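Structure first, then comments.
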Amino acid sequence: MGITKRSDNLDSSRPISNGVKCPHAVIFDLDNTLAESFQSPQPHVASRLHQLLDLMPVAIMSGASFSRMEEHLLPSLPEDVHKGRLYLFPDTAAQCYLFHEGEWRSVYKNDFTKKEFDKIINVFTDALAETRIIEGAPRWGELFLARDVQVTFAALGIDASPTEKAAWDPDRTKREQLKRFLEPRLPGFDIRISGRTAIDITRTGIDKAHGVRWFAERLKVEPHDMLFVGDDLEAGGNDAVVIPTGIQTIQVAGPHQTADVIDSILAACAVTK
């Protein structure tokens with residue numbers, strides 16, 4: 001699979017905001033950044049992604065599974081979008097998919113063994129019984145998204161509305177309690193608070209920072225030449241792990257702000273005459 005880089009005639013000197021310069025590539029979080037949690041991007045966001053992909057490589061890096069990206073993200077993009085510049089990093093960058101010869105193909109995948117998977121589920125079951133953090137809470141759909149590369153716990157179920165999710169654990173206190181129980185019992189795994197109600201578990205070192213470094217190496221650029229846009233870059237947030245890589249970052253409060261950020265990127269990276 002070849003490497004598709006950005007257009008050569010972009011202006012890298014003009015700032016986007018807060019000193020952030022025109023990047024060689026942009027990485028976006030998905031939930032609460034490009035779209036509301038478990039929803040598709042709105043047309044005005046999708047059209048901006050289309051414009052950005054005409055200029056440079058774009059990565060979507062999320063705790064979402066590849067199947068959810070196929071269901072909610074990809075159909076929202078215009079038919080003629082430059083798929084060759086789009087990199088998908090589902091499962092918190094435990095996997096990467098590229099479009100090649102008419103289909104999405106896995107480039108790498110960090111699977112759990114059956115023993116690892118069973119241990120995670122068993123310890124999580126004990127943690128919920130011990131902490132009782134979801135006792136009496138409403139439930140919409142399955143509590144666990146259990147995949148080969150990541151286990152995601154959704155405290156109110158995967159089908160809970162954005163409003164219900166936002167109200168359940170706004171200060172993360174409940175999930176911090178659960179995380180404290182899990183960490184000493186699951187050595188060798190990264191346990192991250194994610195989104196509004198979720199906790200994601202992958203192997204240690206498999207996180208968005210890993211994805212940033214892999215993407216930079218793939219494009220033959222340094223992380224500081226790229227930009228990460230996410231809603232959870234504050235200390236303890238699931239996007240904050242990218243900061244030590246040196247990548248430029250912009251925090252947003254939702255898809256409406258992401259659309260504005262993309263407009264700013266497009267303006268800062270205006271094609272030179």
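Keep in mind that glycine also has a Cβ here, set from the backbone N, Cα and C atoms.
Of the listed candidates (ASP231, ASP260, ASP263), TrEMBL assigns ASP231 to the same Mg(2+) site as ASP29, ASP31.
Among the binding-site residues listed here, namely ARG147, ASP200, ASP231, ASP231 has its C-alpha nearest to that of ASP29 (active site, nucleophile). The Cβ of ARG147 (alpha-D-mannose 1-phosphate binding site) lies under 8 Å from the Cβ of SER65, ASP91, each of these being in the same chain and 6 or more residues away along the sequence. Neighbouring residues of the recorded Mg(2+) site, listed in sequence order and excluding ASP29, ASP31, ASP231, comprise LEU30, ASN32, THR33, LEU34, SER37, SER62, GLY195, GLY230, ASP232, ASP239 (Cβ within 8 Å of the Cβ centroid). When the recorded positions ASP29, ASP31, ASP200, ASP231 are scored by other C-beta atoms within 10 Å, ASP29 scores highest. Straight-line distance linking the Cα atoms of ASP200 (alpha-D-mannose 1-phosphate binding site) and ASP31 (active site, proton donor/acceptor), rounded to a whole number, equals 13 Å.
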